[in-house]
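Before any comments, here is the structure.
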Amino acid sequence: MTSSSLRVKGLTKRYGDFVALAPTSLDVAKGEFLTLLGPSGSGKTTLLSLIAGLAHPDEGHILVDDADVTHSPAYDRDIGVVFQNYALFPHMTVEDNIAFPLKMRKVADADLRRRTAEALETVRLPHVAKRYPRELSGGQQQRIALARCIVYRPAIILMDEPLGALDKKLRDQMQLEIKRIHRELGTTIIYVTHDQEEAMTMSDRICLMNAGAIEQLGTPEDLYFRPQSVFVADFLGESNLLSATVRQVDAQGLDIVLADQAAPSRAVGNGASFAAGEPIKLMVRPQNLHVEDAANGKLTGRLVDVMISGSMTRLYIAPERVDMPQLVAAYPTRSSAAPYEIGQLVSLDWNSADAVAIRDGRGH
Amino acid sequence: MTSSSLRVKGLTKRYGDFVALAPTSLDVAKGEFLTLLGPSGSGKTTLLSLIAGLAHPDEGHILVDDADVTHSPAYDRDIGVVFQNYALFPHMTVEDNIAFPLKMRKVADADLRRRTAEALETVRLPHVAKRYPRELSGGQQQRIALARCIVYRPAIILMDEPLGALDKKLRDQMQLEIKRIHRELGTTIIYVTHDQEEAMTMSDRICLMNAGAIEQLGTPEDLYFRPQSVFVADFLGESNLLSATVRQVDAQGLDIVLADQAAPSRAVGNGASFAAGEPIKLMVRPQNLHVEDAANGKLTGRLVDVMISGSMTRLYIAPERVDMPQLVAAYPTRSSAAPYEIGQLVSLDWNSADAVAIRDGRGH
Amino acid sequence: TPAIWSPSRAAGKRIVVRDDGGIYTKAYGAVFYRPFTDATGIEVVGVQANAEPVAQIKTMVDTKNYTWDMAKISWPAILLLTNGSKVYLEKHGLESEPVIKSIPAEFMSPYGVGTNVYTTVLAYRTDAFKGRKAPQSWADFWNVAEFPGRRAVRKHPFDTIEEALMGAGVPTAQVYPCDVDKAFASLDKIKSSVAVWWTSGAQVEQMLISGEIDLLPTWVSRPQSAQAAGAPVEIVWNQGIWGGDNWSILAGTPNADACREFIKFASDPKRQAALTEYFPAGLTQPEAFNYVKPELAKNCPTYPDNIKAGLKIDAKFWFDNQAAVIERFNSWILA
Amino acid sequence: MALAKAPAIEPGQLRTTARSRARSQAWTWAAMGGPLVLLLVFFLVYPVGQLLLLSIYNDSGFTLAPYRQLFASAVYIDVLLITLKISLATTLVCVVVGYPIAYLISVVGKDRKATLLFWVLLSFWTSFLVRAFAWIVLLGRNGVINKLLLSLGIISSPASLLFNFGSVLVGMVNALLPLAVLTMLSVMENIDRNLPRAAATLGARPGMAFWKIYFPLSLPGVAAAGIMVFVTAIGFFIVPALLGGRRETMITQLIIDQVQQTLNWGFAGAISVLLLIVVLIVFVAYDRLLGLSTMTGAAAPRRAAPSRLADPVQKIGDAVLTLLGMISDRIILALPSRRRDRNPEQAGLGLQAFVWTMLIIISAPTILMIPLSFGTGGLNWPPQGFTLHWYETVLHSPVWTQAFLRSLLVGLGTGGLAMLIGTPAAFLLVRSNVPGKAAWLAFILSPIVVPRMIIAVGMFYVFARMGLVGSAFGLILGHTVVAVPYVVMTMMAVLRNYDTRLDHAAQSLGARPFATLRHITFPILGAGMFSSFLFAFATSFDELTIALFATGGLNATLPKQFWDEVTLQVSPVIAAVSTCLFIFMGLLIFVAERLRRRAAAR
Ligand SMILES: Nc1ncnc2c1ncn2[C@@H]1O[C@H](COP(=O)(O)OP(=O)(O)OP(=O)(O)O)[C@@H](O)[C@H]1O
Ligand SMILES: Nc1ncnc2c1ncn2[C@@H]1O[C@H](COP(=O)(O)OP(=O)(O)OP(=O)(O)O)[C@@H](O)[C@H]1O
Ligand SMILES: [Mg+2]
Ligand SMILES: [Mg+2]
């Protein structure tokens, strides 16, 4: 079985004065599927290049199966990479591109052909085998880059947005393929994506990066339901963040009061410990914010906009109280749903089990 | 005001024997926001290149404001392009890249500086002004490409996945910016994206392409609620497609029977006319497929998988009747939701207003 | 043939002789080298190098790596190689040999046995002077008014200085030591009338044949080959400026004696005469003319009528003055 | 768990690994640059240095006499200025004329590319001596052009086309244009074609798009071509001597006079030193203006310390490019409007016409040799009679075939060795952060700058001691010394535009450095590698001076044989040989092309 564990200790990369990656430590278990998520420029590609041996860290160590590979050349690491910009070899046909890693491993000709053809099948592009990369569309190139990486089954695969240029349909299919490879071969995968849905459905754990450092590392549910910071709450999925103060903490949750409001309400914690009187942010996901016609909810506001974005229809609501940010509520799209009217006064409510308290220490 | 209408008549592009774009006609109104959507390799980039004057059509005409520009050079068309692979000038700093179109228009120095700075602000990258493109991350490069295009406010803007490399958060912000530019300047925009949500929320109309031809052209609601073909239903948003037969057509909708099932049910049409006895596909969106514990729904099946993908939690269900495809139901994610058990028998139901009949002529 | 690629030379009976290449190698091979090998068993290899190969000879002697054993070189070269603190040539010591003795002293020196004479002459196109008087002296060449025509002059002071003096009316006998000031004054007069400043013999030949030039001073072999190509060219032997080529032995070569044998062999009058079948050689053995057909003989630089009215180059003058004169000539020509 | 087993890493250990990395880096540098440095030190610096030292040392010790002599007369400075003028003019014309040619070659399809390249390379296969003569025949009073113009009634008496600055320029450009074209081509092949198109959508008319986008991207090629043509031109003397007039004297000629006629080594050394210093000054000025750093790849950290000089220069450069763009666009606008349905992906007719005109002009000498080789009237226009005599002479004489084979062998050897030694050095200069890159570059270029005669004499001295005189290996070594700068420069120019991410990709896919080079880097740099090899080969194939010395005259090479042929008599034999070479090369390329197409069809 080709699978390896990976450890990164205090890895740092600077470009001149600019710190692209602050000292970062990370453990990835054998066969784990870890996703790197984070804003553009947060150091995801940088971290991958260091792990792959394509850039030299200024400090820190990389261990593959407990062996220090910090100074090993890339070709000795058995780490496959799918590059963000594809990096297909322009002078080779698609077929030759995919066969390249097999050739480097001196795979016998018949085997090589078979596996190349298989990889092309996997990415659903058997008909472009003889073309050159410049004769492919963006998405086709990306799939070839993917095929070239999975064809030789490296122990660790790093994928830098391998599906970024694909449409939803194909993306879903490719996700299944990647998961299948992951499952069947037990390969350790570190995956970069901008698609949160993808990150949540595919990963064992998600590593959320921000400004060259790890912001939170945990299972998708951890990050989604128990974000450790406002940044995480805000970055992963949409969220309404309301200022509040802790009144009292008990085993089941917290008693809180929303800012400038007398009525107390309940919330659940995110795992951190809270003290009474502490100012917090209360996170309510849009799909958990219920809009009601009657004025019996926790908040009221005016409907600003309605947007259908596929399966969800979003309502944008300006709260009556001016110092609050705009709120978003979402509900499943139905062609048969009764339409709301822009400008209409609505009442908002949520289930206290869906309101998560977050320390207000770090803002974005 | 800089805005132009665009007409494309019978535009065709072949690469050798391969037809990248079959004769295609398309009208885009002044100030319209049109999105091209379609599988990888369906000819979106090809169409854009032809419109921009970067490739030469084999046949057909392009009219901008009713003037034939088919043979005008790119620089005469006043059509801005954001390239799929960015096409930033490697020998210029970010700043110079953005200032380039202004320089070409002999914009005065002070004005040029101001507008360049503004554009950098818009894409939230004022700090990288002096860097070279190779010193930027993928997402940063893409934003610079966007800034370079919007800075000079062309009458028509073509954008080939301008936000593909951005994370959700930034993407949302950039979407708002693009919409703002569209609104404020009235620019006509043709937009390519793989993100359906983006397509649905941003577009006036969506043009869905398939294999070098237009599959359906209409408003997002048209395409989402009234897909003209199985391909459209399948491509835009998730859908459950069930085989059925028309029993009877009336003003409000259709009486249908699901394949091999006796119980009749109702459905709405997609605008096409149906005849009794015609085989159709019945489309039910996952969010409209309700899962109930009790066995009183229209169908029953076994729960195969549950997946939380952010705001939606998806249930994958294998219907009891084997010849049916796997079904997907979705509901808003709640941390407080009672968990389903894998293998559990569930009953499925839907509102007949959410069941759309589609001619079964063309398959995928 | 792989033998060609073996390092410089194998030990054994072989001498390597530097000659001028081209037709010389061809003629010498047939007349001297192969017959000598047949007669003595010593192989002779003729090699070509650029003109005035003093640098090579110096290096070979300094490094004791004798790629060549002997060389055919000019008087100025002999002076350059023997006038410093180190002498780079072997004294041949053949003066008393009968076959050498018969060579006139003016062709001989302790370091070189005269084997050829070359002459710089005035040559002109007969078609340019059809129906009018053709030039017969350097004075005529300098007389632009009476002898109009496109002129070329060598872009180098060698010979040119002598021509200028004779052109200014200095008698042949009084040319040396050259009055350089006077020579340049004379050159000034003709400077503006010179259409081409030539630098190589091949160029001269081409210009004579194509009619680019009507009259010019040049090495006699060039107008001769122009004539052979059918060009209407005439040679003026009057006031020809001649110098000698010599067989010289590199100092310290282990094959010096074989070289001496070869020099003796190649100085044989009959053998020298045989060269004229290939080209009008400047035979140094007066006796050789006995074996040359008269119509060939009158083309030879050393044919008594030709050399009689000529001027022998004073190598010593040039050895002493060339640095200054070349520099002056170079600045003069740019002015 | 794994944690416990993980080796503890001490800070000290960290330092050691850093140090050992530095050490292994030093080794890599030595392995890559070492051979070139050794080659140059042994066969250039040491021998030539000894000769140059003679300019400050004589029998009586230290002296500056040669230098006093040098400045006592204005003539040396004058000749130097003339040399610079001719070289600069040659460089300018070569780059300006060569650029469109290279551009067209880079944009046309594979088939037409081969044809165009054939014509560019045609003059490579004709000895410089033959070409010079051909120009005399073409431009002479009774030459081809004058006869043509007279018969057309355009002129009434022959024009003076020969023996002036113009004819020198024609001859020099003819000799050096292929060098310029191939160098620029190798860079242009790697320019992303999307970028000028992007510029067009941003409103840049063709002129602007060219000058502000394409041109700057091709600049490394222009810079490399410029410097190589310039430095090579400085060393030319036979062509200017044959085609020039009274004033067209090259400094090298003076040096050779000192070596050959007066054996004044000290003074020859002094002139050489003057020449070297001037070239170095030109080099530095060039570096400041255009930036050799653009070629060494040291451009990235510019931002960190913006030099006060670089900024205004950059601004001026930008302004000049803008101006050029505007002017070009005006001109294009003024031209009669082009066909409306012109495909923007194809090159314009004007460009094609220009390129073909230029190619025909530079091929004229070679083509002229064909009719002359069948005539009986020598190298003269018009050819007279018809004879195959010259071909018989050539084909029956073993010396020509032997010389040809020998030149071919030495040329291939030189090409191979120069690539072997030069390519790693080019990689080192572009990819690594070795200090003092500009100085290294100057050092590497020095074999072209130092007069051939000086190198030849110095090398002869070394060869004589090593017993290499007359051996093929010696000759290959000698030629490699003068050919390797071309390889390094071309490869550097090409590497500048190379996307190193492809190398990274290959390594991550398991390719070791050598495999990466073999499968990825080299194939992608194919055009550049081919150019480099060709320069090295052509340099050797056409080299006379070193061949004369290094062989000791024992083994004639082709140029030597040509030279020999004209020393006593000019016959159309050289025309016949040129024609044979022309046919040979034509056939070779034709066959290669056929094979390539067959392979591609499969
Ligand atoms: N130069 C070419 N030679 C041959 N085929 C080409 C060439 N360029 C594009 N194609 C083909 O034309 C088709 C359409 O390509 P296009 O780039 O327009 O697709 P696209 O819709 O933009 O896809 P994507 O979403 O993946 O970018 C593809 O199948 C592609 O392989
Ligand atoms: N060569 C370089 N010189 C200077 N800064 C650089 C260089 N390469 C990257 N950076 C900076 O380092 C930071 C991290 O870049 P990186 O490519 O890792 O981002 P990323 O997380 O992959 O972003 P994206 O999602 O946009 O691809 C960015 O701010 C980028 O601008
Ligand atoms: Mg990245
Ligand atoms: Mg595309």
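Just so you know, the numbers here start at 1 and follow the chain as drawn.
Note that Cβ sites are derived from N, Cα and C of the backbone, with glycine treated the same way.
Automatic prediction, not curation, is the source of TrEMBL annotations.
What TrEMBL lists as domain 'ABC transmembrane type-1' is D:80-286 (among others).
The annotation domain 'ABC transmembrane type-1' is assigned in TrEMBL to D:404-592 (among others).
Summarising the annotation, TrEMBL assigns transmembrane segment to D:29-54 (among others).
The feature transmembrane segment is assigned by TrEMBL to D:74-104 (among others). Same-chain residues lying 6+ beyond the ends of the transmembrane segment (D:74-104) with a Cβ under 8 Å from its Cβ atoms: 116, 120, 165, 168-169, 172-173, 176-177, 179-182, 184-185, 188, 218, 221-222, 225-226, 229-230, 233-234, 240, 247-254, 271, 274-275, 278, 282, 347, 351-352, 354-355, 358-359.
TrEMBL lists D:116-139 (among others) with the feature transmembrane segment.
Taken from TrEMBL, the feature transmembrane segment covers D:159-185 (among others). Away from its own ends, the transmembrane segment (D:159-185) comes close to residues 86, 89-90, 93-95, 97-99, 101-103, 105-106, 120-121, 123-124, 128, 131-132, 135-136, 139-141, 143, 145-146, 149, 218, 221-222, 224-226, 228-229, 232-233, 236, 239-240, 242-245, 247-248, 358, 361-362, 365, 486, 489-490, 493, 527, 531, 534-535, 538 of its chain (Cβ-Cβ under 8 Å, at least six residues beyond either end).
Sequence-remote contacts of a segment are chain residues at least 6 beyond its ends whose Cβ falls under 8 Å from one of its Cβ atoms, and for the transmembrane segment (D:221-243) they are 83-84, 86-88, 90-91, 94-95, 98-99, 102, 128-129, 131-133, 135-136, 139, 162-163, 167-168, 170-172, 175-176, 179-181, 183-188, 215, 249-253, 256, 275, 279, 282-283, 286, 290-292, 294-295, 445, 448-449, 451-452, 485-486, 489-490, 492-493. Under the heading transmembrane segment, TrEMBL lists D:221-243 (among others).
Among the features that TrEMBL reports, transmembrane segment is placed at D:263-286 (among others). Long-range Cβ contacts of the transmembrane segment (D:263-286) within its own chain (Cβ-Cβ under 8 Å, at least 6 residues beyond either end) map to 51-55, 58, 63, 65-67, 69-70, 76, 80, 83-84, 223, 226-227, 230-231, 234, 251-252, 254-255, 292, 438, 442, 445-446, 449-451, 454.
Look at TrEMBL and you will find D:347-374 (among others) tagged as transmembrane segment.
Remote same-chain partners of the transmembrane segment (D:408-430), defined as residues 6 or more beyond its termini with a Cβ less than 8 Å from a stretch Cβ, comprise 29, 31-33, 35-36, 39, 295-297, 437, 440-441, 444, 472-473, 475-477, 479-480, 483-492, 495-496, 529, 532-534, 536-541, 557. According to TrEMBL, the feature transmembrane segment maps to D:408-430 (among others).
Annotation comment: TrEMBL describes D:442-464 (among others) as transmembrane segment.
The transmembrane segment annotation in TrEMBL covers D:470-495 (among others). Sequence-distant contacts of the transmembrane segment (D:470-495) (same chain, six or more residues past either end, CB-CB distance under 8 Å): 36, 39-40, 43-44, 179, 182-183, 186-187, 190, 220-221, 223-225, 227-228, 231, 295-297, 406, 409-411, 413-415, 417-419, 421-423, 425-427, 429-431, 444-448, 452, 455-456, 459, 463, 525, 527-529, 531-533, 535-537, 539-540, 543, 546-547, 549-552, 554-555, 557.
Taken from TrEMBL, the feature transmembrane segment applies to D:516-538 (among others).
With a threshold of 8 Å between CB atoms, the same-chain residues lying at least 6 positions outside the transmembrane segment (D:573-592) that come near it are 114, 118, 121-122, 125-127, 129-130, 133, 366, 369-370, 372-373, 379, 390-391, 393-394, 400, 404, 558, 561-562, 565-566. Feature annotation from TrEMBL assigns transmembrane segment to D:573-592 (among others).
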- Do at least three C-beta pairs under 8 angstroms join the transmembrane segment (D:442-464) to the transmembrane segment (D:29-54), pairs 6 or more apart in sequence? yes
- Contact yes or no, the transmembrane segment (D:347-374) and the transmembrane segment (D:516-538), 3+ Cβ pairs under 8 Å, gap 6+: no
- Item | For the transmembrane segment (D:116-139), distant same-chain residues with Cβ under 8 A (at least six beyond the ends) | 101, 104-105, 108, 145-146, 161-162, 167, 170-171, 174-175, 177-178, 181-182, 238-239, 242-243, 355, 359-360, 362-366, 368-369, 372, 379-381, 534, 538, 541-542, 544, 558-559, 562-563, 566, 570, 574-575, 577-578, 581-582, 584-586, 589
